[in-house]
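Working notes, beginning with the structure itself.
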Amino acid sequence: ILPLRKMKTLRETLREKNLLNNFLEERAYRLSKRDSKITIHPLKNYLDMAYVGNITIGTPPQEFRVVFDTGSADLWVPSISCVSPACYTHKTFNLHNSSSFGQTHQPISISYGPGIIQGFLGSDTVRIGNLVSLKQSFGLSQEEYGFDGAPFDGVLGLAYPSISIKGIIPIFDNLWSQGAFSEPVFAFYLNTCKPEGSVVMFGGVDHRYYKGELNWIPVSQTRYWQISMNRISMNGNVTACSRGCQALLDTRTSMIHGPTRLITNIHKLMNARHQGSEYVVSCDAVKTLPPVIFNINGIDYPLPPQAYITKAQNFCLSIFHGGTETSSPETWILGGVFLRQYFSVFDRRNDRIGLALAV
């Protein structure tokens, strides 16, 4: 049993020295680079598990760290009235301190696999760098389950409006209708290991973040960012998705998820052994194992063993996880481990996703 001491946050230290406002003003202009109506917004990589960026809500602005999530469509942050332990370690929104806040009194509940939040809807001015969404509806959590220790305060959903809370216009659609960008696209560049350097961009694509041409894939269902996949193979042998399947590109998920039976087959080819909820792989396997190849729209997207085997202390783990069979016969979730390899563009006007090898 080790004693723990709570350290002051940078914000608390600066506030005590009356330096907080100067600090925030200086950095407000460094959040996003704007070039021909493209907004490039920085993301921070937390141990390759989550990519988060800062937004502000309210007047004057209150800052929050959120996951920019292609797997959901709603924006929420914790409310100051939240009673769950998770809220005590995250920033909370104080509606009484915002002159532009409007309350609807509509209760909400949003599920995220193992996590759930319950609370109410509000509306306010939301800023992503220099993008401003006026009267943006968003959720305020009063109870949270499954978010203890999360390296983010809330979630900013970028999926289609069809899966948002009934009647709510997601922030991307609001910005689009308010003329914030000329092209309704956003894109992700996610780097590996380094905390800095990852970005989400709105309104266009910066070609410096990828090699070659973008390959465009039609969205098969305009709910999540869902596409059709042809097959998954290793060493020239089809190991999964043998008759075609569906895949979701999900920036909130760090791993690759598929049906347990097929994930087990992939792990047999890796000589991985089951240990608790993980699959342990020999660290030397990185030198000998073949890439796992995802064929999408006729183009191969290899995932090398350096990407699908991750080191944890003195042993190595597979990033493949099962469990998707509970929701559909064969659906795969391609999370951060795939999106670090491939720069991804999400095009709402044409309902398509562009992929190219990330630099």
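Every residue gets a Cβ built from N, Cα and C, even glycine.
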*Which of these, CYS245, CYS283, shares a disulfide with CYS316 in TrEMBL?*
CYS283
*Of the recorded positions CYS82, CYS87, ASP250, CYS283, CYS316, which one sits closest to ASP69 (active site) when you measure Cα to Cα?*
ASP250
*Go through CYS87, CYS241, CYS245, CYS283, CYS316, the listed disulfide-bonded residues, and name the one with the sparsest Cβ surroundings, counting other Cβ atoms within 10 Å.*
CYS283
*Residue pair CYS241 (disulfide bond), CYS82 (disulfide bond) - Cα distance, angstrom, rounded*: 43
*asked:* Let's check the environment of ASP69 (active site): how many other CB atoms sit within 10 Å of its CB?
replied: 23
*For the domain 'Peptidase A1' (51-356), what is the mean per-residue pLDDT, to the nearest integer?*
94
*Taking just the CA atoms, what is the gap between CYS87 (disulfide bond) and ASP250 (active site) in Å?*
25
